[in-house]
């Protein structure tokens, strides 16, 4: 089955207000630039977003904050966005800060069909408030629940026409997990090859988790902070 599309509208036309989207990336590395721009232009709002971060003021998920399209964000780091900070302090957006490893495992559990699991991370902190706790072998654990979403929006380096994906280095990050935990996964890629051309050993995410593949013409790939030094 050829999963390649040339128009994101074919994959995202059913995305509606109030849906939950799982967005890959770490900072600005490996983010689905085209899908985010599509949502921004369509004005889809009241979204529940699950992502490592919320982009920067004018790029990534940050552009969805400009028109207040995000109702709730579940993330592990949100410190690079002034618009986000303002909306959070003014009570305009619901924020669920989650330890990074816990966020990854919540998505993994969702993709694996595991409804909940116990972890020691967050015990004795604000993270544990309102959560069930139990003791195992003399150590306290809190119950974390799996995360699933309506759409997984991810970015990969290469795909074959069946949706088998290859990521590049750190750009892999949360992308495979967002694909696994979503009902529908839309993968943006830089290169598409015929089915059978990828060595099975180099495939990072099997095509069973991917419903649509979109080849971007050019990815901006911004850097959050550029640090330079004098040539002297």
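A Cβ is built for glycine as well, from the same backbone N, Cα and C atoms used for every other residue.
What Swiss-Prot annotates here:
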type	residues	note
BINDING	24, 25, 26, 27, 28, 29, 30	CoA binding site
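Sequence features annotated in Swiss-Prot and their locations in the structure.
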{"residue": "24", "record": "CoA binding site", "contacts (Cβ under 8 Å, 6+ apart)": "30, 31, 32, 51, 152, 153, 154, 155, 173, 174, 175, 177, 178, 179"}
{"residue": "25", "record": "CoA binding site", "contacts (Cβ under 8 Å, 6+ apart)": "31, 32, 51, 52, 53, 60, 155, 173, 174, 175"}
{"residue": "26", "record": "CoA binding site", "contacts (Cβ under 8 Å, 6+ apart)": "52, 53, 170, 171, 173, 174"}
{"residue": "27", "record": "CoA binding site", "contacts (Cβ under 8 Å, 6+ apart)": "52, 53, 80, 224"}
{"residue": "28", "record": "CoA binding site", "contacts (Cβ under 8 Å, 6+ apart)": "55, 56, 59, 60, 221, 222, 223, 224"}
{"residue": "29", "record": "CoA binding site", "contacts (Cβ under 8 Å, 6+ apart)": "170, 171, 173"}
DSSP three-state assignment (helix, strand or coil) for residue 29 (CoA binding site): strand
DSSP three-state assignment (helix, strand or coil) for residue 24 (CoA binding site): coil
Residues flanking the CoA site, with Cβ no more than 8 Å from the Cβ centroid of 24, 25, 26, 27, 28, 29, 30 and excluding those residues themselves: 31, 52, 53, 60, 155, 170, 171, 173, 174
Around the Cβ of residue 30 (CoA binding site), the count of other Cβ atoms that are within 10 Å: 26
